[in-house]
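Shown next, in structure tokens, is the structure this report addresses.
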Amino acid sequence: MTKTGYINAAFRSSQNNEAYLFINDKYVLLDYAPGTSNDKVLYGPTPVRDGFKSLNQTVFGSYGVDCSFDTDNDEAFIFYEKFCALIDYAPHSNKDKIILGPKKIADMFPFFEGTVFENGIDAAYRSTRGKEVYLFKGDQYARIDYETNSMVNKEIKSIRNGFPCFRNTIFESGTDAAFASHKTNEVYFFKGDYYARVTVTPGATDDQIMDGVRKTLDYWPSLRGIIPLEN
């Protein structure tokens, strides 16, 4: 994590144009109004343990979420350091539940044992290709298929080579959080007080940053007064 108090995890909701953003041990539910500055906070900031009752007695309820990605229906994987869980986040209700875990990343995803991903993951986003997800740790990334529970191409690559659009930007060395937009093949990346909206092409390297790397609060007005968050 680059700076405490900023967005350190996020995932796209099953509800259109909504996303969960995690900051320290809290989160907000946001209508992020893709491509505009009409975003608004729908809920929060509130402690993870209060908004997700099923996480109350877990590491996530105590310390928060530092990486996450959506899967199918109302389900998402969440991470904190070397632990992870699959949850049903039950949008706009209090019926959330843990489906699997919490367990160590290496137990949930055995192919990460002995890799930089074993003890924590910085950020992730759901791809539009099948059940694939991109995960980031430091200046490296991997592509996994959560349905077959395997690493695509069995290789970990550098962000610099896989995402040439990030060369000579703050994202070349890593990212704090990411989530896939409801707009096809658009992804938001966050690092400290900056963000980038990127058009991605699954499996290719011709991604492009839209409008450059920008200050988050300049274009996400609903987060003013929320980040940086002081616990």
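One-based numbering along the chain as shown.
Heads up, the Cβ atoms here are built off N, Cα and C, so glycines get one too.
According to Swiss-Prot, the protein carries these features:
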BINDING   Asn8, Asp66, Asp122, Asp176  Ca(2+) binding site
REPEAT    4-55  repeat 'Hemopexin 1'
REPEAT    62-112  repeat 'Hemopexin 2'
REPEAT    118-166  repeat 'Hemopexin 3'
REPEAT    172-223  repeat 'Hemopexin 4'
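Overlay of Swiss-Prot annotations on the structure.
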residue	record	Cβ neighbours (10 Å)
Asn8	Ca(2+) binding site	24
Asp66	Ca(2+) binding site	22
Asp122	Ca(2+) binding site	26
Asp176	Ca(2+) binding site	25
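DSSP places the residues of the repeat 'Hemopexin 2' (62-112) in helix, strand and coil in these numbers: 9 helix, 24 strand, 18 coil.
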